[in-house]
Amino acid sequence: MKNIRNFCIIAHIDHGKSTLADRLLEFTKTVQVTGGQMLDNMDLEKERGITIKSHAIQMEHEYKGEKYVLNLIDTPGHVDFSYEVSRSIAACEGALLIVDATQGVQAQTISNLYMAIDHDLEIIPIVNKCDMDSAMPEEVEDEIIDLLGCERSEIIRASGKTGLGVEEILSAVIERVPHPVGDEEAPLQALIFDSVYNTFRGVIAYFKIVNGVLRSGDEVKFFNTGKEYEADEIGVLKMDLSPRKELRTGDVGYIISGIKTSKEVKVGDTITHIDRPCSKAISGFEEVKPMVFAGVYPIDASDFEDLRSSLEKLQLNDASLTFQPESSLALGFGFRCGFLGLLHMEIIQERLDREFDMDVITTVPNVSYRIYDKQGGMTEVHNPGGMPEPTLIERIEEPFISASIITDTSFIGPIMTLCLGKRGELEKQNYISGNRVEIQFKMPLGEIVIDFYDKLKSISKGYASFDYHQDSYRPSKLVKLDILLNGESVDALSTLTHVDNAYDMGRRMCEKLKELIPRQQFDIAIQAAIGAKIIARETIKAVRKDVTAKCYGGDISRKRKLLEKQKKGKKRMKQIGNVEVPQKAFLAVLKLD
Ligand SMILES: Nc1nc2c(ncn2[C@@H]2O[C@H](COP(=O)(O)OP(=O)(O)OP(=O)(O)O)[C@@H](O)[C@H]2O)c(=O)[nH]1
C-alpha cells in the first residue's frame, strides 16, 4: 500500500488532459511513443477530442531508488457524466488540476475541483500548454492561488506538447499524494468506478479496493444490486488487461465475471465477498437517471425493429441510455429515449448513424416533468405529447439546475440577458481575477436543452464556459404549445413552454417552420395553438416545382438522375397529412432566433 498512488486528472474540456496523460504514460514507458493519443479508443472520442468513458491505467515509476505503482484514473470531462467523475474521484487520493495557460480557470475546472476537495483529495495544480505563445502562466497561477490558497511554488508549469514538467509531475504525485489507507484484514469492500463492455468478455468492471483482499475465483456480491458472481478473472490495467491472482487494499483493478450487460453493473456499487460480506456499502452510490428525453423514429417505418435492436445493442455498453416504444401520429412508431444530457444524446444519435446505419428522425429534446393531478397523484411525463388534459392537472413541476458560467466581464451584460430570458434567477457573482467573473444562476433545465449552449457561445464569442448540476424540481406555469399543419396537429412538434413565453414562441415557431418547410403544390397553413386557441399563423404559398424543367429536351438519363436525386432528398422527409416535412423542421424550436 505504501508504494501505491491513485490519482486522477481534472480539467476543463480541451485543457490538455489526454495529451498530458499520454506524456506520463510515455515517460514511465507504459506505452511506446507513437505520436497519437492513447487513452481515448473510440473513434468518436478521437474526433470530438473528448474522453467519453473513463479508464484507468497503471504506471510504474522509480523514484529515489524505490519502485512505485501509479494508478491514473481518467475522468470524463463533460457535465453529462459528472456522476462518473465523482466515482472516479472517490477512488483516488490525489488529483492533478490542469489549467490551460492560455485560457485560465474555467467552469469545469471549478466544479471538478470542488468534487475533488469534497473527497479530500490532495490537489497538484498544473499550468499546462506553457509552450504556447499566448500562454499567460503568471496570470493563470494567480487565479489558481486565489482558488486554492496554495503557494506559487506548488504549481507546476507543464506542456503536454514538449513534455515540460512531466517528470516533476510524477515526483509530485509520489511526494504529495498520500498512499491509500485501508484495512487488509477487514471484509472486502471495492468501489466500482467504471465499467466497459467487451464483445468477447462481457462487462469488465473497474474498481479500487478500499478494504480487504480479492482473489481470483472468489465468490462475490455486488452490494447495491444484490447480484452474485464468481470472480473469473481479476487483474490490473496496463495497456491491456493484465491478470493477477490477488489484489489487495489500495489496488486498482478489473474484474470479469460473466456479466452480459452494462445494466447489471452500477458505477458506485460496492463489491464484497458472499461468505464474509462487509456490513455496509461504500457511501455515495446513486442510480443515474436520464435527464433529457427525445423521440427517435425510423424514417422508414419498416426499420422499427432494426432500430429497437440497435438501441438494445447500444444499451449493452451504455447503461445510462433508456428507451421505450412510443408512437406519434406524425412520425409513426419509434422510441422515447432518455439521455444523461445533450452531449450524451448527440453521441447516441451519431452512433446510431455510424455504427448501425440507421436513418432516424429525432424530435426536440425535453426534460421530465412531474404532473400532479387533482387527486394528489404524481406521474412523470417524458414527452410533451403525453401530457394529460389541462383540466386534470393540479400543477406541473420541472427540474431546475444550478448553473455556473465563467466569462470575461465584458460579456456579463448579454449573458445576464440570455439567462434571465431563459427564466434564470441570478444567485451570485464572484470575481476570479481582474476581468473574469463567475456568475451563478438557478435555471430550468428545460430551457438549457433548447439552444442555450449555442447562444451562450455566440454572444460570448466562445469565451464563456458553462457547467451545471441538478438542483430541485419546482412548480412552473407551463402550457403545451401545439403546431398545426393544414389544420392537423403535429404531435412531434408540440413543446411545453412557460405561459409568459408561449405567444412569442408560437409566433416564432410559425415563422421558422415557414422557412424550413419547402413550398409545395398547394398552400400550407402553419398554426400555433394552446388548447383550442390559435395564437399564431403563417402560410406557405403554393409553388409548382418541376425539377426536370432545367433539362432542355432529350437527355433522358440526365432527367432520370435528377428524379432519383429528388427521391433521395425526400428520404429525410416525413409525410404529415398531405404535407412533406423535412427532419430539420422537427428541430425548429432549437433554431429560433
Ligand atoms: N500547444 C499545446 N497544445 C496542447 C497541449 N496539450 C494539449 N494541446 C492541444 O490541445 C487540444 C486539447 O487537448 P486534449 O489533450 O485532447 O484535451 P483534453 O483536456 O483531454 O480534452 P477533453 O478530453 O475534451 O477534456 C489538442 O488539440 C491538443 O493537441 C500543450 O501542452 N501545448
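Using N, Cα and C of the backbone, Cβ positions are placed for all residues, glycine too.
Taken verbatim from TrEMBL:
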DOMAIN    2-181  domain 'Tr-type G'
BINDING   ASP14, HIS15, GLY16, LYS17, SER18, THR19, ASN128, LYS129, CYS130, ASP131  GTP binding site
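Structural mapping of features recorded in TrEMBL.
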residue: ASP14; record: GTP binding site; Cβ neighbours (10 Å): 15
residue: GLY16; record: GTP binding site; Cβ neighbours (10 Å): 23
residue: SER18; record: GTP binding site; Cβ neighbours (10 Å): 22
residue: ASN128; record: GTP binding site; Cβ neighbours (10 Å): 30
residue: CYS130; record: GTP binding site; Cβ neighbours (10 Å): 22
The domain 'Tr-type G' (2-181): mean pLDDT?
87
